[in-house]
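Listed features, source TrEMBL:
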DOMAIN    1-120  domain 'DH'
COILED    79-106  coiled coil
DOMAIN    149-253  domain 'PH'
DOMAIN    277-331  domain 'FYVE-type'
Amino acid sequence: MAYVACIDPCNRIANVVRKQAPFLKMYSEYTNNYDRATKVFEEMKKKKKFADVVREIEKLPECEGLPLSHHLICPVQRVMRYQLLLQEYKKQLNETDADFEDTAAALQLVLQAASHANEMMKKLDGFGKVIEVQEQLGNSISLVSPGRELLKTGTLQKISSTTEKTEERTVFLFNDLILLAGERKMIGLGKYRLRAVFHACHTQVCEGDNLEREHSFYIRGSDGNGPSRCVELYTDTQKDKNDWVESICSVIEDCRANSATFGGSVKSSLCETNNNHAESRNCADCDSEFSLFYRGIKCGKCKRKLCKKCFGRYRTESKNNRICEPCVKNM
């Protein structure tokens, strides 16, 4: 920084940096891909021909005796170096100096470029998490959507509404969706089987009333395409319950606020690949899975698909307008 300390206050250099600083945002593309590029580079070096080429390049005077991997990180460090240079340069100037205004403006633009790179890194990391969940679900649902983020993942217990038996459910909480999944026993089709999809704008959380399960609550709603359903969940402690209820309610409130801001009606952003799930492969009440040849009975009133046990004994003459026992009791 000796050069900075003895610079003539009448000279101007920051105007050049100010003019070029907006282009530093392009470095964010390089920064985002740096980890992946480094892994590919190290993998390629295991091949003899590629390793020989790298060694020849490293012998060139331009490499200054340093490995090529050292030079690959230089663009990542470039923005930070400009920031440090301008900060030190600004300390040597007075507000009356000709270059002070341009220096302050250039520093602000460089800071924006650094912030842009960090934001891009965060978005890329968030995108990777969404893709990972989609793959864990065997690509049975398309989760990739602009702005979608995975906020929380955890394991809760689901209570069957008919048998009172409990099953483990992995909950994936996004900023617009709540997914419930069960662990697969078969290998090769994804780690989890998708059991329920709730769009935050079409969902509500209710306090549990199960006397045998102290820390229970209900999630009631739909994915925005199919019929409404209700799932009872419980946690091991009151603290865990409070954390989950608060997190889900926060997502619901934010989603509804965004919906009101952008015009009211919200359509599910789930792709066609999930519409088969909306038709439902599981009973809407007990969550038991339908077989390949038996697809459940659809209630003509609540539009839910139920197994024979949950549907009840009530029948009508028309097969197209059969009503389940819970709906009959509520009539």
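Using the three backbone atoms N, Cα and C, a Cβ is placed for every residue, glycine included.
DSSP labels the residues of the domain 'DH' (1-120) in these numbers: 93 helix, 0 strand, 27 coil. Model confidence over the coiled coil (79-106) stands at 88, taken as the mean pLDDT rounded to a whole number.
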